[in-house]
Each structure stands twice: as structure tokens, then as C-alpha cells.
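Per Swiss-Prot, these features apply:
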COILED    76-179  coiled coil
COMPBIAS  60-74  compositional bias 'Low complexity'
DOMAIN    38-180  domain 'SLD'
LIPID     Cys22  S-palmitoyl cysteine
LIPID     Cys24  S-palmitoyl cysteine
MOD_RES   Ser50  phosphoserine
MOD_RES   Ser60  phosphoserine
MOD_RES   Ser65  phosphoserine
MOD_RES   Ser68  phosphoserine
MOD_RES   Ser72  phosphoserine
MOD_RES   Ser73  phosphoserine
MOD_RES   Ser81  phosphoserine
REGION    58-82  region 'Disordered'
Amino acid sequence: MASTISAYKEKMKELSVLSLICSCFYSQPHPNTVYQYGDMEVKQLDKRASGQSFEVILKSPSDLSPESPMLSSPPKRKDTSLEELQKRLEAAEERRKTQEAQVLKQLAERREHEREVLHKALEENNNFSRLAEEKLNYKMELSKEIREAHLAALRERLREKELHAAEVRRNKEQREEMSG
């Protein structure tokens, strides 16, 4: 029992309180574990619904040799002169102007395209209106001609009936004169 308590105290010293609490609630190992196989490291990344993903890190040949020195510090940047700074500023200004000109050109092209689309839409609308008006006029003319033809046919029948009635009256008068 005493050895268990001393081992527990050693463990408490090694782990932070947060790790201890997490290990109590979550007993499985951390998902981002690193496995080493010879000259490469395999790091497990997030698990996805489509499967698992891994990151493979290969050690460089310089890391493999034991006598190789540690990575050297990066080379120090030399002080830039005022002329170099001026050149960089001018180049940046030129890039900014070029980018601004390109944006303005794209805006102009977009406006021109919008004008063309609007003009085409107006033209199509005018053509549609003109065709609809022509079609309506044609239908009105056709109905007017049909109406006039119908009225002419009615007048012709009425005239024929009047002629027939006049002939019947004449025949009747002739019969009356002959009979009486």
C-alpha cells in the first residue's frame, strides 16, 4: 500500500493537475500521438468520416549522422541601404498603381458588359413589343374583314328576301286582278 501511495505521489509530481484530471475522465491516449520508425516520424491527424489522415515526417540525412552539429542560426540580414528601401518603396508603389489600374479596367469592362446586356434587353423588349403590336393589328384587320364579309352576306340575303317579297306581292296582285 505504501509503495502505491509513493508511486501515486511521483506521478502527481510528473503530471500537471489538468493532465491528471483529463486522464481520470479520458483514459485513452491522446489522438495526436507520434510514432517513430527508423528515420521517419508518423503523426496521426484528425480522424474523419472518410478515414484517417497521417503526417509523415522524414528526417534529413544530416539528422541521421551523430557527429553533425545542430542547426546553425539563420544568416543575419545585412542592413538595407536607403537606396534599396527607396527602390522597394517605388516597386511597391508601382505594384499598387498597376493593381489599381487593373481593378479600374475590370470595373470598366464590367460596366460595358452591363450596358451591352441592358441594350440587348431593351432591343429584345422593343422587338417583342413591335411583333406583338403587328400581330394584334393583323388579328384586328382579319376580324374586321370577316365582320364586313358577314355583314355583306347578311345584306345580300336581305336584298334577296326583299326581291322575293316584291315578286310575291306582284304575283299576288296579278292573281287578284285576274280573278277579280
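Placement of Cβ uses the backbone N, Cα and C atoms for every residue, glycine included.
Secondary structure from DSSP puts Ser81 (phosphoserine) in coil. In this structure the C-alpha atoms belonging to Ser81 (phosphoserine) and Ser60 (phosphoserine) are separated by 37 Å. Mean pLDDT, taken over the domain 'SLD' (38-180), works out to 87 on the 0 to 100 scale.
Per DSSP, the secondary structure of the domain 'SLD' (38-180) breaks down as 102 helix, 17 strand, 24 coil.
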